[in-house]
Amino acid sequence: MLKFILRRIGASALVLLGASLLMFFLTINSGDPLKDLRESNDPNREQLMAQRSELLRLDDSPWERYWDWLSGVGGCFTGNCDLGVTINGVDVLGLTQQAAVSTLRLITVATVLAIIVGIALGILTAIRQYSGFDYSITFSAFLFFSLPVFWAATLLKEFAAIQYNNWIADGHYAPWTIVIVAVVAGFLLQAVLGGTRKRRMLTAAAVFAFVTVILFVFNALDWWRNPMFGIGGVLVVSAAAGVLVTALVAGLRNRRALYAALTTVVVGVVAYLAFAPLLVNSPSWGLLAGLFVLAVLVSVGIGAAWGGYARKQSMLVTGITGVITSLMVFADLLIAHWASFLGVKSRPISTIGSQTPNFTGGFWEQVLDMATQILLPTILLTLVSVATHSRYTRSSMLETLNQDYVRTARSKGLSEREVIVKHAFRNALIPITTIVAFDFAALIGGAVITEQVFGWKGMGALFQDGLNAVDPAPVMAFFLVTGVAAVLMNLLADIAYAALDPRIRR
Amino acid sequence: MSDIRNSTPGGEDYEPQISVASTDAVGLAAGGSAAPLPGEDKSYSQGQLVARRFFRHRAALSSMIVLGIIIVVAFTSIGIGPIPGWWPNNYTLQYDKIGDGAPTWQYPFGQDTGGKDYFALVMRGTQFSLIIAFAVGIISTVVGTLIGALAGFYRGWVESVLMRLTDVFIVIPLLVVAAVLGKTASGWGIWGLALVLGLVTWTSLARLVRGEVLSLRERDFVLAAQAVGTSPWRIISKHVLPNAVGVIIVSATLSISSAILLETSLSFLGFGVQAPDTSLGTLINDYQAAFATRPWLFWWPGLMILAIALCVNFIGDGLRDAFDPRQNRTKD
């Protein structure tokens, strides 16, 4: 396995090198870097042109310039990076460090969300093939990957951000809105859950009643402006998630797994109570990350302790439950700070930039600020990727569901859960890993456009400004960051591939 | 188990031969009478079968009609080049504004800030975007098919080069390399842009064709052709590629829809079509600030892109179902 990974890294490094050479030569030949000076009427034009030629080393051969860039990048391994200077003499390394953080955050969040949502939708549509639900998801998928991103971004800015900001100023639903939301929710859920006509009607009615009541209660409590989730909410939602995860992974008949999951939730909530003062008073990203790792380790430990004959399965169940519980705790902390966040920033969802400039607020308010800024670009990027992922997952699932071993599994009398999760889904995942890695490059391309529309000063802007000025240093910096990210993503996909399909490892 | 017929490897490729055999059988049974007996199943060629399956795909068929209407209207309404069209208004002239330029009967898409007829402008943008999209589709299909077929058939260094090139496209996102090349080609007009985009979008098709050829070259009919001394070129063009035609056509269709999105995105970023030429992406870029005051300037080009891309994608889906009936609704 290690040999396999090392070989992949070596091949990727070579490809990265070749691609960088290609990028460099294409960029420096894409236009005339002195164009704006040639057209200017400045009296010291000649001097400026000479100055810029000196700075960009236009008189040297392209190979020398490339070698210079490459050795500067090579310095990163020894601790003194040099990514060159821009056409205006600004150090690119500093620019890149600022820009890379926001862009990589955007791309990572979008990728993770797209994988989870896309695969889930793909499985559901494959199981409910040719149902109304399948048709509507299929149509939406076609719609989303026919969508011009830059156009949809402007629409989203108008309809999601500005309208929401107007609405949150008051924060109450009109009664007829509640009814419409409840009807839509009921309709969707009955389509997903399926079953006989009577069961569908019951599902729809129950969902309708639940949503209506909860929305009216929220209205009465002024929940949207002063939301709260509370320790009880964390407990209930995490426990429900634990039961769901157990049902999917191990089956509810495996009582040990179920008890392990519930223990994890209880331990998580107790730990939350213990750490709450620390989390509220002196939070930091380091603390959050540390606690998260601790939570996952403890959850897996609980799984191992409860496990019994199916230890590995229980560990998987408790691990996932632990992650979900941690996320719920995180969500609870964020929700608790929403009211104070609204106090600082009355129009929460902004359409420009990756962070509000001069934002004053505590740690949690700043996290919320970042979250609201990243929300719209993420939705946009995720939608397009979800469309591809769900389509590929669907066809891959349908392919495996038609295989003989699935028929055999069914005829052995295995439950539908075991057939779908263990026999069909695991095998369907194999081709999906490749698509996910490929799609990552498309996501980076999408990020360039989204950043432009939402006015982020990210890698996309670096690339675009650099290319406009025929300035290789920022363009290559963009390439370096996104290229390394893509290679890493690809490596992950390869490892996942090897883990899923033992034949590859040889 | 009704799948015995399909379980022969590559049952599809044998279909034409089966149908030929069955016509012969019918001919013999009928003792030379030409017309098949009433009630007896008519036999279809592979092409006819595909066409029948395609026309039964409702979404694909209606998409084809819509796309046809868009193409016809885009090219006839304002005319192309020196040939005048039937639309009375010109895209260069500024007319008196009616109100704030909102859509009226006279100007169905409204008027822009200077009073130009927006319908004519959008139609001109649609023309350019369609020309580029189809040109890119054709170029990338030809290049991709050629390289994929060569790589799959000869293996060896051609294949390694192809696979490394694909890896390069994982590392450099398509939009990025297209932007750099588009900027280089921006002085060469729309044909230059189309050529350049065609030269970077072939990789996914090449991979698909290569995969298909890799399996086809091991088949008995290729072996037989080799045994009688057929030249490799003839084997590729007469025996291998016709069997991969489904993959190629579907992929070509889908490459048109991705080309239209790629071109409009580039034009939006300013690395694609340059003035005086225009495209739907440039129109959106020009008027995106007008969204709050003159929303129609923003809606029409975007809806046009969406309509074209959606139609092409549905046609591609219909073609895929027609060529590859394994996942079809009527399972046989």
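Our numbering is plain: 1 for the first residue shown, then up by one each step along the chain.
Note: Cβ is positioned from N, Cα and C throughout, glycine not excepted.
The domain 'ABC transmembrane type-1' annotation in TrEMBL covers A:100-493.
What TrEMBL lists as transmembrane segment is A:106-126 (among others).
When Cβ-Cβ distances below 8 Å are used as the criterion, the transmembrane segment (A:133-153) is approached by residues 121, 124-125, 188, 191-192, 194, 376-377, 380-381, 383-384, 386-388, 390-391, 394, 446, 449-450, 452-454 of the same chain, each at least six residues removed from its ends. For A:133-153 (among others), the entry in TrEMBL reads transmembrane segment.
What TrEMBL records for A:173-194 (among others) is transmembrane segment.
Residues annotated as transmembrane segment in TrEMBL: A:201-221 (among others).
Residues or ranges marked as transmembrane segment by TrEMBL: A:227-250 (among others).
The annotation transmembrane segment is assigned in TrEMBL to A:257-279 (among others).
Annotation source TrEMBL lists transmembrane segment at A:285-309 (among others). Under 8 Å from some Cβ of the transmembrane segment (A:285-309) lie the Cβ atoms of residues 256-257, 259-260, 263-264, 267-268, 271, 275, 278-279, 315-319, 321-323, 325-326, 330, all in the same chain and six or more residues away from its ends.
For A:316-339 (among others), the entry in TrEMBL reads transmembrane segment.
Annotation source TrEMBL lists transmembrane segment at A:370-388 (among others). The list of residues near the transmembrane segment (A:370-388) in space but at least 6 beyond its ends in sequence, with Cβ under 8 angstroms from a Cβ of it, reads 105-107, 109-111, 113-114, 117-118, 121, 140-145, 147, 149, 152-153, 156-157, 160-161, 334, 345, 348-351, 353-356, 435, 439, 442-443, 446-447, 450-451, 454, 456.
Marked as transmembrane segment by TrEMBL: A:428-449 (among others). Within its own chain, the transmembrane segment (A:428-449) has Cβ neighbours under 8 Å at 103, 106-107, 110-111, 114-115, 119, 123, 149-150, 153, 377, 380-381, 384-385, 388-389, 392-393, 396-397, 399-400, 458-460, 463-464, 482, 485-486, 489-490, 492-494, 496-497, 500-501, counting only residues six or more beyond its boundaries.
What TrEMBL lists as transmembrane segment is A:475-500 (among others). Long-range neighbours of the transmembrane segment (A:475-500) within the same chain, counting only residues 6 or more positions beyond its ends whose Cβ lies under 8 Å from a Cβ of the stretch, are 1, 4-5, 8-9, 12-13, 15-16, 19-20, 23-24, 27, 69, 73, 83-84, 92-93, 95-96, 100, 103-104, 107, 111, 426, 429-430, 433-434, 436-437, 440-441, 444, 459-460, 462-463, 466-467.
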